[in-house]
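Participant: Please find one structure pasted underneath; my questions will follow.
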Amino acid sequence: MSKTHFYRDTWVEVNVDHIASNVKAIIEHLPENVEMMAVVKANAYGHGAVDVAKTALQAGAKILAVAILDEALELRANNIRCPILVLGWTRPKDVQVAIDHDITLTYFQQSWIEEAATHITSGRLSLHLKVDTGMNRVGTKSFEEALQIYEYTSNKSNFNTVGIFTHFATADEDDLTYFNLQYESFTSLLHRFEKRGIIFKQIHTSNSAASIRFPEQTFSQVRVGIAMYGLAPAKEMKQRIPFPLKEAFSLHSTITHVKKIKAGEAVSYGADYIAENDEWIGTVPVGYADGWIRRLGGKSEVLVQGKRVPIVGRVCMDQFMVKLTDEVNIGEKVTLIGEQGNEKITIDEVAERLETINYEVPLMISNRVPRLYTHNS
Ligand SMILES: Cc1ncc(COP(=O)(O)O)c(C=O)c1O
């Protein structure tokens, strides 16, 4: 475990060996010349951007992708020197910052490049062109539009378009009709560029689901996020992953108070949990301020001494209570996500209880909870 100083017994463990093993397995699964871009946006999906980025690069990823310029700058401030691509929209007035830190930006609007051009004082802005083939989120909508803004950049010495990409909306679903439409639309756009002698050095379309399912339908790079963290991109995908993915994120705390309450006594705000019998109640110093949201009260379990115990009563801002099977000592370990003995609470289980997707769960755990980086023992 890396030595981070903090004064609370609640922490996230991120097993970097698991991340490295996932990255290696994904690279192995891809054709030899395809490079992996590790998607470390949103603090590496809540895992910690800097440590995950370093781990992914050591394991063979060649490029990092983030959503916003600030995330790229955090990586640079931590001495990460590899190519970094910002996938989202950046304010045109900030392009000089990107140039100064050797960060590649994404563009897809004529007005954006025109304005960006007025903010470049020195150097050359490295760019990827984003084309929309069906997400309808960001990207150019037609070949003509893409060509027009590409040509605008190619006529200016301050711009250097090195890549082109699109994003799939349904690569994780059983029905592949829409995926195929997007794939065909992108390949036909590439051919039209090629016919004009325009060849992009870096071409990428595939997220985790597409990289895993269709490794042969990739281009020069892939953008892999969720699978690197050991999670399946969707339930439908679980059976389709031909190599083991190892979940990297676990969440732990310790019991800070234990007492026996009598049948009929209530627990927590609203007094709406009422003990049916005399019960051992333990207090866990994790609350909705840590991202363990109120909806998990009365709905979920945690592990104590290798057994599942239910959360009882409402989750408070900084604490919640559990119904123990027996008295335990202060300091007894509590696992909210992860393994204890033969029991395991997965991120997918928590996501299911919250009726959401696994992506959201590690992200939900707030920065108040320190991240510790662990290795296989
Ligand atoms: C543009 C883009 N590429 C790649 C990814 C990575 O997707 P995944 O985490 O499913 O691999 C994302 C994630 O949302 C994205 O927005």
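Including glycine, each Cβ sits where the backbone N, Cα and C put it.
Here TrEMBL flags K41 as N6-(pyridoxal phosphate)lysine. Marked as active site, proton acceptor by TrEMBL: K41, Y269. Residues or ranges marked as substrate binding site by TrEMBL: R137, M317. Positions annotated as domain 'Alanine racemase C-terminal' by TrEMBL: 248-374.
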Participant: Out of R137, Y269, M317, which of these recorded positions is nearest K41 (N6-(pyridoxal phosphate)lysine) by C-alpha distance?
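Facilitator: Among R137, Y269, M317, R137.
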Participant: Can you tell me how many other Cβ atoms are located within 10 Å of the Cβ belonging to K41 (N6-(pyridoxal phosphate)lysine)?
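Facilitator: Total other Cβ atoms inside 10 Å, all chains included: 19.
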Participant: Around Y269 (active site, proton acceptor), which residues of its chain at least 6 apart sit with Cβ under 8 Å of its Cβ?
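Facilitator: Expected: G313, R314, C316.
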Participant: Which residues of the same chain, at least 6 positions away in sequence, have a Cβ lying under 8 Å from the Cβ of R137 (substrate binding site)?
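Facilitator: In sequence order, H167 meet the Cβ cut-off.
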Participant: Which chain-mates of M317 (substrate binding site) that are at least 6 residues away have a CB under 8 A from its CB, listed by sequence?
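Facilitator: Looking at Cβ-Cβ distances below 8 Å from M317 (substrate binding site), excluding near sequence neighbours, one finds G287, Y288, A289.
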Participant: Can you tell me how the residues of the domain 'Alanine racemase C-terminal' (248-374) break down into helix, strand and coil by DSSP?
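Facilitator: Computed counts for the domain 'Alanine racemase C-terminal' (248-374) are 21 helix, 51 strand, 55 coil.
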Participant: Tell me whether R137 (substrate binding site) sits in a helix, a strand or coil according to DSSP.
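Facilitator: Note: R137 (substrate binding site) is coil by DSSP, not helix or strand.
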Participant: For the domain 'Alanine racemase C-terminal' (248-374), what's the model's average pLDDT?
Facilitator: 97
